[in-house]
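Enquirer: As annotated in Swiss-Prot:
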ACT_SITE  152  active site, proton donor
DOMAIN    39-384  domain 'GH18'
CARBOHYD  29  N-linked glycosylation site
CARBOHYD  114  N-linked glycosylation site
CARBOHYD  133  N-linked glycosylation site
CARBOHYD  195  N-linked glycosylation site
CARBOHYD  234  N-linked glycosylation site
SIGNAL    1-27  signal peptide
């Protein structure tokens, strides 16, 4: 998931203190976890996004994750600066009196963050303790309900082993802190690779997640079931196919790999993408899945949010195809080809997740579905 730096300032203390005085009933042990009884319907809000958090319709979500804050490279404590105060205040104000209420988590890391830094943090007990204590301090100070780690990605099997130690010590610290302060324990979650084994090209080869630690210490893990294909490929393909008979790169394979690895289904929250990937076709007359492409069709990396895709399809009169085998959409017009998800594919994926006994799903990211049509269909499919 794309990294954006979160900034927290002391000025927010007053705002969030008011919030939790007004909402003191949410501090009970029962209310902290009542959201988990009927599943998790969550989404990330990218820090500094031009989509105001005041526009978030909480009817469709149980948890909102604020993304992202980074650890400092020397102290290993969470980085807190004086900039970014405006969006920070807006986030707190927007969610403090919402009905229905949502739980908020502070997410650490993100795509493009420093994987080597996380490796160093996780490598020793002292480093882990400094980092963990900082996360608890910040989360409590600004009244979050939990913390989320998005380490993309551990690069060695030793990293994975150390990640398991980090989960264990983090959970134990959260449990002890909650007991001392007589408060509900902060939630602990982690965004992970779509597969239980990371097979990204690298000198260290495949490495598997610490599944026992995930079962024992996380409230849930969130496989990122997207970014399977993109403009780094020379041929068009789906961003987040549910099924792929030609390879292991699919949500079906990934989620089953997690379950086969020993992670209990109720510990998994499936990732969904509110964006697609756009290619420039080499030949506009060759426009199916697997067509040759010459690069991204946009000025960025080919990423287009759901609203932009709908606008493109309408304005260009694009041909829209629902692949009922892959359970994903693509559209094409001229030399532009886009792979993405729409209502029917999202609905099928959510029902698939529920059939596996998963805890829920999450979206990356809020602001890309401004009319809430996809969010609503996902929530309905979950049975809320």
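Placement of Cβ uses the backbone N, Cα and C atoms for every residue, glycine included.
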Enquirer: 10 Å Cβ neighbour count around residue 234 (N-linked glycosylation site)?
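Expert: Its Cβ has 11 other Cβ atoms within 10 Å.
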Enquirer: Using Cβ-Cβ distances, find the residues under 8 Å from residue 152 (active site, proton donor) that belong to the same chain and are at least 6 apart in sequence, listing them in sequence order.
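Expert: In sequence order, the residues whose Cβ lies under 8 Å from that of residue 152 (active site, proton donor) (at least 6 apart) are 1, 109, 110, 111, 112, 113, 115, 191.
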Enquirer: For each of the glycosylation sites (114, 133, 195), count the other CB atoms lying within 10 A of its CB, then report the residue with the highest count.
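Expert: Buried the deepest by this measure is 195.
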Enquirer: Between residue 195 (N-linked glycosylation site) and residue 133 (N-linked glycosylation site), find the distance joining the two CA atoms and give it rounded to the nearest Å.
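Expert: With the alpha carbons as reference points, the distance is 30 Å.
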Enquirer: Taking all residues of the domain 'GH18' (39-384) together, what is their mean pLDDT?
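Expert: Summing pLDDT over the domain 'GH18' (39-384) and dividing by its length gives 95.
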